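Participant: Pulled these features from TrEMBL for this protein:
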| type | residues | note |
| --- | --- | --- |
| DOMAIN | 16-204 | domain 'ABC transmembrane type-1' |
| TRANSMEM | 20-40 | transmembrane segment |
| TRANSMEM | 52-74 | transmembrane segment |
| TRANSMEM | 86-104 | transmembrane segment |
| TRANSMEM | 146-163 | transmembrane segment |
| TRANSMEM | 183-203 | transmembrane segment |
Amino acid sequence: MTNVLTENAGFLAEGLLTTVALAVVSFLGALLLGTALGIARVGSIHSLRTLAALYVGTVRNMPALLILIVIVFVLPEFGVVLDLELSLTTGLVLYFATYVCEIVRSGVNTVGRGQLEAALSLGLSYGQALTRVIVPQTLRAMVQPLGTLFMATTMATSIGSVIGVRELAGSARILNGQYAEPAVLFGLVAVLYIALALLIARLTRVVENRARVLR
């Protein structure tokens, strides 16, 4: 039991770092795409609202694993081949962007309609009113749900082990095939995921408290 951990500490550490990197990149990508979708959903252009709502309604009701399978096994049939880590990142971005969209839309809707009308009366375009007046006010309210979403994104990187990505769970899966120590390996993985979740929760509270000070 001790040997499998001590002899492969570096291997598992690399898997942990890969998990963190994949989670950060995926979350930032989802944040960008989701914010664009959220603005489209509350915007004044009907066609964009419809397309954004259709995307969110479709993708959000699909399992993230199914999206990943489509990227890895279906897209190559059409000549689109991505490496495994990029496939995982792309799938997570497409999936979690729908949740960012709803967080942004909900945050924007909490701001009084009068503020939007006041911004428009000052000569700002609808887009300028959203990005310069409405969205900055909603950021504080979005810190907590975005922190929770980052936590979910981090946990979801584990589905990469299904397609051979060597993140934390994937590394444990490889070692288990060699050592047959599932309780030890996946027990450690569980502890590390919990530690990551606690760290993200702590960082979220710090950001939220600072946002309150700046209010």
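Cβ atoms here come from the backbone N, Cα and C positions, even for glycine.
A TrEMBL annotation is a machine prediction, not a hand-curated record.
Would you situate these features in the structure and describe their surroundings?
Facilitator: Away from its own ends, the transmembrane segment (20-40) comes close to residues 48-49, 51-52, 55-56, 85, 88-89, 92-105, 108, 127, 130-131, 135, 146, 149-150, 153-154, 156-157, 160, 165, 167, 196 of its chain (Cβ-Cβ under 8 Å, at least six residues beyond either end).
Nonlocal intrachain contacts for the transmembrane segment (52-74), taken as residues 6+ away from its ends with a CB within less than 8 angstroms of a stretch CB, comprise 37-38, 40-41, 82, 84, 87-88, 90-92, 94-95, 97-99, 101-102, 156, 159-160, 162-163.
Taking Cβ pairs closer than 8 Å, the transmembrane segment (86-104) reaches residues 22, 25-27, 29-31, 33-35, 37-39, 41-42, 52, 55-56, 59-60, 62, 64, 67-68, 71-72, 135, 138, 142, 145-146, 149, 152-153, 156-157, 159-160, 163, 165 in its own chain, all 6 or more past its ends.
Here the transmembrane segment (146-163) has Cβ contacts under 8 Å with residues 19-20, 22-23, 26-27, 30-31, 64-65, 68, 72, 84-85, 87-88, 92, 95-96, 99-100, 103, 169-170, 173, 193, 196-197, 200-201, 203-204, 207-208 of the same chain, all six or more residues outside its ends.
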